[in-house]
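Some notes on the structure that comes next.
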Amino acid sequence: MMIGFPCLMYYFWVSLEYHQGKIYYPQTFTFEGIRSFILHEIVEKVVADAAPNWTATKIYMGYIVYSFILAYIMPGPIVEGLPIPSLKGKRLKYLCNGLSSWYLTLVLAAVLHLTGVFRLTEIIDNFGRIMSVAIIWGFTLTALVQIDSIIKGNSHRLSGNFFYDFFMGYPLNPRIGHVDLKMWAEIRVPWPILFFLSVSCLIKQYELTGVVTGPACFMVLAHFLYVNACQKGEECIPTSWDIFYEKDGFMLIFWNMAGVPFTYCYASIYLMKYQLTTGKAITHSLPYTATLFVVLLLAYYFFDTGNSQKNRFRMEQNGSFFARNAFPQLPYGHIKNPTYIKTEHGNLLLTSGWWGVVRKPHYTADLTMSLCWGLITGAGSFLPYFYFCFFVVVLTHRTKRDMERCEKKYGKDWERYCERVPYILIPYVF
């Protein structure tokens, strides 16, 4: 996976850049045919148009440094995480200043673009080269974090297999000062980059044609909703599974630094590249486009409120809940007097709100939104659907792993919960 995924990213980049997003393959499946295909169709094109340069390095690493500085200095509420067994029950504190950083970044980006200091179209103009910088940084940061953990002697749950441990990670809560590197990488880096990639595509379309299309606007809205949700609900993240349990290795670091922003953006880039290549913009009928906008907004409502219900319930049990009026606050995002099943371990299994209807309501909403990202581009390429297909695999595996873990941990209490909430994703279906 550590070798294959960067290679897949380059394959998809060549597809978007040279083949209108179509899947391409060797003319002959002989050794020579495959060797020639890899050399001439991928490697030579990557070297020519996606090799890192100083401009790409300044853009990407400039944002990395900028986002970390904001994570360090911007104001925001301080939230305690869950008790960490390896720290003898200590609760780490997290400065949740993502929202103030996000608003400042939006204003600053607009000023830089309008004044010509940094045109946002430079992002899409240098997409391949920026992606290469991100890939290199993903490997570099992973190595630095693991080396730091070995030196400090704070490694956790190691298997003894170097490659597996490098992939899963050595440390649990690596920090620089008061900045938690996992939360910074998960919230501050991938989603804003993804949003500005879509904005860059939209501006590029306007500069070239004088108009913007419904699908391009759709993708900007979709990515804005996602990144804004992450920032406005950041106080809920410290009690999440990723922060409490997952170690900080290649899986989390590379995915957040390179994987998310440079693969989840395929719909936006495909729309722009298709128009540049063919001279025709991808558009749909008004009813079709309007329907997708409605479905996206409905799915976002369930995504936002579902995550809010679960995490605010956790925060109440943790004693860290506080009301926050970050925009937008949607109805039914906080359950008063929730019902739950108390296990013999003392854990509480929520059975109210959307969590009383299905066990993974946020997954259903997330998958629906990701499918809409593909549907808005039509059926001309698989790449806009890559995120959805990849997400199906990831969430299926995560759900299976979660169910097995809960069944083993909670036993009869889990059986009671499954009787109370029998469906996983879709009521009366699955």
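Using N, Cα and C of the backbone, Cβ positions are placed for all residues, glycine too.
Here's what TrEMBL has on this protein:
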- 63-82: transmembrane segment (TRANSMEM)
- 94-115: transmembrane segment (TRANSMEM)
- 127-147: transmembrane segment (TRANSMEM)
- 208-229: transmembrane segment (TRANSMEM)
- 249-272: transmembrane segment (TRANSMEM)
- 284-303: transmembrane segment (TRANSMEM)
- 373-395: transmembrane segment (TRANSMEM)
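Within the chain carrying the transmembrane segment (63-82), a Cβ under 8 angstroms from the stretch's Cβ atoms is held by residues 91-101, 104-105, 137, 176-179, 184, 188-189, 192-193, 234-235, 238-239, 243-244, 257, 314-315, 318-320, 322, 324, all 6 or more beyond its ends. Below 8 angstroms of C-beta separation, residues 6, 9, 13, 17, 46, 49-53, 55-57, 59-61, 64, 165-166, 169-171, 174, 181, 197, 248-250, 253-255, 257-259, 261-262, 269 of the same chain, each at least six residues beyond the ends of the transmembrane segment (127-147), sit close to that stretch.
Of the Cβ pairs linking the transmembrane segment (249-272) with the transmembrane segment (373-395) and spaced 6 or more residues apart, 3 or more are under 8 Å, so the two regions touch. Same-chain neighbours of the transmembrane segment (208-229): 102, 191-192, 194-195, 197-199, 201-202, 267-268, 271-272, 275-276, 281-284, 289, 292-293, 296, 300, 303-304, 307, 327, 369, 372-373, 376-377, counting only residues six or more beyond its ends whose CB sits under 8 Å from a CB of the stretch.
Same-chain residues lying 6+ beyond the ends of the transmembrane segment (94-115) with a Cβ under 8 Å from its Cβ atoms: 67, 70-71, 74-81, 178-180, 183, 187-188, 192, 196, 199, 203, 227-228, 230-232, 234-235, 237-238, 243, 326.
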